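Per Swiss-Prot, the features are as follows:
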- GLY13, GLY14, GLY15, HIS16, ALA17, GLY18: FAD binding site (BINDING)
- 274-288: NAD(+) binding site (BINDING)
Amino acid sequence: MDYPREFDVIVVGGGHAGTEAALAAARIGAKTLLLTHNIETLGQMSCNPSIGGIGKGHLVKEVDALGGAMALATDEAGIQFRILNGSKGPAVRATRAQADRVLYRKAIRSRLENQPGLWIFQQAVDDLMVEGDRVVGAVTQIGLKFRGRTVVLTAGTFLNGLIHVGLQNYSGGRAGDPPATSLGQRLKELQLPQGRLKTGTPPRIDGRTIDYSVLEEQPGDLDPVPVFSFLGNAAMHPRQLPCWITHTNARTHDIIRGGLDRSPMYSGVIEGVGPRYCPSIEDKIHRFADKASHQVFLEPEGLDTHEVYPNGVSTSLPFDVQWDLIHSLPGLENAHILRPGYAIEYDYFDPRALKSTLETKAIGGLYFAGQINGTTGYEEAAAQGLLAGANAALQALDRDTWTPRRDEAYLGVLVDDLVTRGVTEPYRMFTSRAEYRLSLREDNADLRLTEIGRKLGLVDDARWDAFSRKRDAVAAEVERLKSTWVNPRNFPAETAEPLLGKAIEREYSLSDLLKRPAVSYAALMRARNADGSLLAGPGVTDDDILAEQVEIQVKYAGYIARQQDEVQKHLAHEQQRIPADIDYDAVSSLSFEVRQKLKTHRPETIGQAARISGVTPAAISLLLIHLKRLHYGSRKQAA
């Protein structure tokens, strides 16, 4: 039957991409439907019980700055929080949290159920309704037809998913869930370019059978306790737990090598390429044969379970090898395995067939987000989901769509990498992928994106009010530091020397003093003038987050300004549009190879064209000349 209500946006899939997509579309004002095969698994953390990390934490902060759910859900579910790279510069500092799986799922579901304009329906989707070159809806496994102006597909690892344990395999989307075989077949019929990728997960351990006395404890950060959301605070966190560290050894490695002949990866059973930066333990032993041991992090799965996730031993080896492998690890000699590790192969679609909005080029109104685009990780999925859901809603409501630039957000880097370069292995975000990372820090994600989110309709009043107060307070304090001056008379040697290492000889602004490497904002604000008054101003000193933002903006002002100059130089050509119907055969002097690559990728801008492998700067110059001629010719015709 035809479902009696029509929708602006239909989101297929209830994982990290799907939930953010549905929430974003509904926040913008689109009538949104979320279709999931199981309401109980909305927001399920299918693999590791953690959020964030280098590059990934930056994406979570950006999702939060745009009104998304992941950061706040993590603050409500996080059982350990740490700042990675804390001793390094602010560009590469990143937040990471262990999360209670049940609490995280509960936090996400609560937001979905309480979001106005969002309907949830439990049914697996078997087919898409396509009329001409446009999607018009989705069909579920019982033949129920839902019509919508746009569809966001977030199928994760479910498309023709195949689970491997040793040389045994069976169909599945993840352990305990069926695959989306019919939908996978339907997408093949639409002739969208696709491939196979692989990911994996480790066996799970009963924590009661672990000997913690021989392990190294890894507590979270306590002073201060990190938070993920710009609206979050440490009081939201549940009870905190430590993680523990053990190591593989020579016996572990011998056990793994002895089982490689029955590994689906090394016997040719698995065709898909696995994630380079999250390799299986058998891959580590094979690729790093000279390494005597590898760290294994024992991560609690939650407050009300004894289940432990051994991060670092993802494997698809036969269970008897997994058994010996786990019991060879110090502290796990008597461990009980609750679930076997496995690998899963799944279909993905070449993201070069997407526009930068994440809409497919071939089928209007159809958006892809998450692992279906060849990425790996909850954070990458959530970021794509938010963007795809927002753009699906904007298109359905006849509004202009939006994509962040590479200099605006890690989300912009992620999408640009996907649609211009494609993937040959599961894509993971790192800070090293961003050429403007000094400007794309975790701490300023809201200052970069919340105003944009407000204009799009993604940011509610509460978030906007909190952001506005922060923005104004930081700006006022930075200005105060620039306009407040000290000199040898009102800032005497007995005050200056402990702070600066020597007395001052001339007049300086407080901003000048803060730019010195050894001077912190907190120390400067504790210093006193000759009359005994503090240098501190009102409203910022007692707020660690505001104080950090002020210090970074002042200390790195010169570097950030230089980076912004560089951005402006590149921006003109970066954003220059290429007509969708351009005839590359008419561009004189292009090589055959470049012509073919441009025809295949159909870049939307000069910037995208320049990042296609094999497209040279000389070819870009020829393309610019051709576009100039087209523009001149069209103006001449109009006259």
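Placement of Cβ uses the backbone N, Cα and C atoms for every residue, glycine included.
Keep in mind that what you see is a predicted model, and the values were worked out from it rather than measured.
Where Swiss-Prot records a feature, it is marked here on the structure.
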| residue | record | CB count, 10 Å |
| --- | --- | --- |
| GLY13 | FAD binding site | 32 |
| GLY15 | FAD binding site | 30 |
| HIS16 | FAD binding site | 33 |
| ALA17 | FAD binding site | 34 |
| GLY18 | FAD binding site | 30 |
| CYS278 | NAD(+) binding site | 18 |
| SER280 | NAD(+) binding site | 25 |
| GLU282 | NAD(+) binding site | 26 |
| LYS284 | NAD(+) binding site | 18 |
| PHE288 | NAD(+) binding site | 12 |
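Neighbour density around each Cβ, counted as other Cβ atoms within 10 Å, peaks among the binding-site residues ARG276, HIS286 at HIS286.
Residue pair GLY18 (FAD binding site) / GLY274 (NAD(+) binding site) shows a Cα separation of 23 Å. Comparing GLY274 (NAD(+) binding site) with HIS16 (FAD binding site), their Cα atoms are 20 Å apart once rounded.
All protein chains considered, the CB of GLY14 (FAD binding site) has 28 other CB atoms within 10 Å. DSSP assigns HIS286 (NAD(+) binding site) to a helical segment in the three-state reduction. Reduced to three states, the DSSP call for GLY13 (FAD binding site) is coil. In the shown protein chains, 21 other C-beta atoms lie within 10 A of the C-beta of GLY274 (NAD(+) binding site). Apart from GLY13, GLY14, GLY15, HIS16, ALA17, GLY18, the residues listed for FAD, the same chain places the Cβ atoms of VAL11, THR19, GLU20, ALA21, THR36, GLY43, THR154, GLY156, ALA369, GLY370, ALA381, GLY385 within 8 Å of the centroid of those Cβ atoms. Mapped onto three states, the DSSP output places GLY18 (FAD binding site) in helix.
Rounded to the nearest whole angstrom, the C-alpha distance between GLY13 (FAD binding site) and GLU282 (NAD(+) binding site) is 31. Between the alpha carbons (Cα) of CYS278 (NAD(+) binding site) and ALA17 (FAD binding site) lies a span of roughly 20 Å.
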